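Notes to accompany the following structure.
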Amino acid sequence: MLLHYAWRRIKSGGMQWYGRPHVLLCIVCCSLYPGMGDHMYFYVHMIFGLNGLLASGIALLGTFVSGSVWGGVLSVTTFFYNHGQSTRVMWTPPLRESFAMPLLFLQTLILSFIIRKRSCSLVVWTSLVLATVAFLLPWQFSQFTLLTQVLSVLVVHCLRLISSQKFLRILLAYTLAFAVNVVLQFGNNMLLTSFLPSCLLSCLIVGLLSSTSHLLKFRPLIMVVEVSVVIVGSVLMKMGVAAILGAKEDEHIISILLSKFTSYHDFHTQLYTCAAEFDFLPLSYVLDLTWTLLLPMSVVSMAIITVRVVKHIFGKEETGHSDDVMATPPGDLAVQVYHLMQTVAYVVMATLIMRLKLFLSPQLAVVAGLLPSLLRASGLSRSQYKWMVAGLLVCSSLKGWHNFHLQHSVIGEYNNPEGEQLALWIRDHTPETAVFAGTMPTMATVLLTTGRPIVNHPHYETASLRNRTYHVYSIFGRKPVKEIHSILHGMGADYVISEDGWCHKHRSKPGCSFSEMWDEEDPVNKERPVFCAVLQTHTPSPFQLVYHNPVYRVLRVANGNDKSDSH
């Protein structure tokens, strides 16, 4: 944003470049990237530039965790070989995750550094807080990733691989980052009533009381007690806070998880679970990662770490200084256990919701980079170690290079002429105060391209907006025309945009078309015609058709005095 501001100031004559190195840098950057003065180009270039940090973060994290540059090379190579399974930025750049994901692995790198080192400076702790704030701020699902991080660090602490003092400092850093985000997000109810603050508080209690764990001699029993305290405490506190604040922001997420294991479903859950990206992880994903050796290498690495954890629990794991090849330094084992638990958490998340594989695939690449170092600790010589890395890279490249070339060969552009025509008509033929209702993606486009007020938009994590979208989507149901008009008019909508493609849209599963969803939601009107289908033959009163093209129909809702030309 600073670069964009400086460039606009330069173009307007409000800033001179001579004597100001930062302004000269802006000029150079803008000359390297034509069109940077345009909002759209600036936005897209910044997203792609930011996502370059994702690969860099994986390479640095793989290098640090494995203790070898070759581990980093193996991690970043397998990431690129499975790039299509690791990110969606090349298909849909303007996603909230596009801003958060590149920062995740840099934040994880700082956390891994803290776990491994005996002591860290204030600069390192400050970096952890800032990186956590930057990751949590742009994406509503970041809180769930941080929750898994806290639980993974808890397991490391339960194994006594890090001190209680370090554990408490990590929790305090996360708590500070959480508090900053609550302020920056203007007291976001979904964040306040999530499991993250409850889990942080429960872990703080466990960390403070860990000095009494000597009363229990059996280490597995200590782990069970501490983890049980955190789970029970987190659930009770989360329920209490949600009841006090009367918040229902994350109810749909709980409902989605419930629908995964039971026959329960409602309108809101079906909007998610009917989409392919919210389905279970498909077998094709497992096969794709197997052919590039990413999954086999990760599984072997996790198995070796698991054996070491079992030995550590029963007091048989050898630990020593980092120059002793046959012994595992305590800090190294702590980092390995953390990444083992983090990977397990991502496996669970991705298995339940396929979209979350964007966490799992890069994490598997990091764990795969550990394999040569883990095997070297078993007694491999330096030359054997290098040959092993080379062999793994060659075998991975047999399928991986094809995947990489396939990703690199995709060339295309987004093209929606009907959407552009709609935006131009709205801009030229409606007042600036006209309020629009419609599908969530279209409403986001209307707001960004025309500046017109909208009734609903894709921020589905707010209960009031979910309710608004539910009522707007009645245009795809069978309610009486006057009732639909009353609903839209009551929400203050002047115009509603209907899309023929959505009216007849059949998704990946039976029962997932909007007409079928509304038949379950509103069985009283099951015998009536679908409203949006009626629009394709005539426009029922009191609605007025004011614009249409092959994709969109704009209906006037209110009987106001605004003047708009029919088209």
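Keep in mind that glycine also has a Cβ here, set from the backbone N, Cα and C atoms.
Please treat TrEMBL annotations as automatic predictions, because they have not gone through curation.
Annotation comment: TrEMBL describes 17-35 (among others) as transmembrane segment.
Summarising the annotation, TrEMBL assigns transmembrane segment to 122-140 (among others).
Taken from TrEMBL, the feature transmembrane segment applies to 146-162 (among others). Sequence-remote contacts of a segment are chain residues at least 6 beyond its ends whose Cβ falls under 8 Å from one of its Cβ atoms, and for the transmembrane segment (146-162) they are 108, 111, 115, 132, 135-136, 170-171, 174, 178, 194-196, 199-200, 203, 206-207, 210, 219, 222-223, 226-227, 230, 309, 312-313, 330, 333-334, 337-338, 341-342, 345-346, 349.
Annotation comment: TrEMBL describes 167-184 (among others) as transmembrane segment.
Sequence-distant contacts of the transmembrane segment (190-209) (same chain, six or more residues past either end, CB-CB distance under 8 Å): 140, 143-144, 146-147, 150-151, 154, 157, 164, 167-168, 171-172, 174-175, 178, 181-182, 226, 229-231, 233-238, 241-242, 245, 247, 249-250, 461-462. Sequence annotations record features per position, and here TrEMBL assigns transmembrane segment to 190-209 (among others).
For 221-245 (among others), the entry in TrEMBL reads transmembrane segment. Sequence-remote contacts of a segment are chain residues at least 6 beyond its ends whose Cβ falls under 8 Å from one of its Cβ atoms, and for the transmembrane segment (221-245) they are 151, 154-155, 157-159, 189, 192-195, 197-199, 201-203, 205-206, 210, 213.
Within the chain, the transmembrane segment (289-310) has long-range Cβ neighbours (under 8 A, six or more residues past its boundaries) at 74, 78, 81-82, 85, 159, 317, 328, 333, 336-337, 339-340, 343-344, 361, 364-365, 367-368, 370-371, 374-375, 392, 395-396, 399-400, 403. Here TrEMBL flags 289-310 (among others) as transmembrane segment.
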